[in-house]
Amino acid sequence: MTDTLTITRPDDWHLHVRDGAALEAVVPHSARQFGRALVMPNLRPPVTTAAQAVAYRDRIRAAVPPGTAFEPVMSLYLTDKLPPEEIALAAEAGVRALKLYPAGATTNSDAGVTDIRHTYKTLEAMQKHGLLLLVHGEVTDPAVDLFDREAVFIDRVMIPLRRDFPELKVVFEHLTTQEGAHYVRDANRFTAATITAHHLLYNRNAIFTGGIRPHYYCLPVLKRETHRVALVQAATSGSDRFFLGTDSAPHPAHLKEHALGCAGCYTALTAIELYAEAFDSVDALDKLEGFASFHGPDFYGLPRNSGTITLKRESWTVPETVPYGDATLKPLRGGETVHWKLM
């Protein structure tokens, strides 16, 4: 049994850090363990121009603790009306991707895409300039059951999108289903996916055990056990199609514990420890470095990190709350035990 594990410094390819005092509170949590993070653009208002992305990047960099090597990788928010001309400016500014949110699918997605066909000229420009498309893979059709939204998205959006843009690099974000895992596994080399720690560790029972547990509520929502098992199999398979993306999504505790609670699990505080626990549960720690440190930068066409981190098999208690501007934030598994610790 391995009691210590040293891996190349990992990256987080799906992270929410918000803005202002909230940003200042959470960025250090990610910076202590990751070399880079792909930052989501769903602010209010959303990040839709290269100039906005550069300004946001500067604010994130300013929140990184001195002496810590952490670089935000920026994305734009794709809308029906985002002009193709903005793509060249984005590429020049170092923006790496655009995020497709179906309108109304998740937090701050009101300005999202209503019909993927409205964005085709912009997608053509992205394919030309080498920017990636990151998709929140759910339909928002009210006739589709909440737990089926990902599978229906594959049929209605992903398959036509891949047919029309075969060489556009697409990341299926935060996979939650067996259908999604198999789709990415069997797709062409321009398709990959991120998987969260909470979708590897928990199924939908976690939301309801002993009462409503709002800190396990996220979108896409946790699914049944068969899907969790399929995600673990994908993540630990060694396939370079799958890589780490926490989708860590901070919300003040009082807005999670609310009649209309916000969707999102805050995992950035303990992210790499939670992933280690998930991989250890199926005796696959030897596959963690590829998933966490290699597959993401390889797909994005970026160099791998040169530093390392070390994890130790040690049980410790996650803080119940952490400061979050004028509020508090409850991390996933707050007050409970995690069985690996970042040294």
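Cβ atoms are placed via backbone N, Cα and C, with glycine included.
Feature annotations, reproduced from Swiss-Prot:
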BINDING   HIS16, VAL17, ARG18, ASN42, HIS136, LEU219, HIS251, ALA263  substrate binding site
MOD_RES   LYS99  N6-carboxylysine
BINDING   LYS99, HIS136, HIS174  Zn(2+) 2 binding site
ACT_SITE  ASP247  active site
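What Swiss-Prot annotates, mapped onto the structure for a quick look.
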| residue | record | DSSP (3 states) |
| --- | --- | --- |
| HIS16 | substrate binding site | coil |
| ASN42 | substrate binding site | coil |
| LYS99 | N6-carboxylysine | strand |
| HIS136 | substrate binding site | strand |
| HIS174 | Zn(2+) 2 binding site | coil |
| LEU219 | substrate binding site | coil |
| HIS251 | substrate binding site | coil |
| ALA263 | substrate binding site | coil |
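Distance from the CA of ASP247 (active site) to the CA of HIS16 (substrate binding site) is 7 Å. The number of other CB atoms found within 10 A of the CB of LEU219 (substrate binding site), across every protein chain shown, is 20. When the C-alpha distances from ARG18 (substrate binding site) to the recorded positions LYS99, HIS174, ASP247 are tabulated, the minimum falls on ASP247.
Note on VAL17 (substrate binding site): other Cβ atoms within 10 Å of its Cβ, all shown chains, come to 25. Comparing Cβ neighbour counts within 10 Å across the recorded positions HIS16, ARG18, LYS99, the minimum falls on ARG18.
Around the Cβ of ALA263 (substrate binding site), 16 further Cβ atoms fall within 10 Å across all displayed protein chains. Annotation: LYS99 are the recorded positions among LYS99, HIS174, ASP247 whose CA atoms are within 10 angstroms of the CA of ASN42 (substrate binding site). Considering only the recorded positions LYS99, HIS174, ASP247, ALA263 (substrate binding site) has ASP247 as its nearest partner by CA-CA distance.
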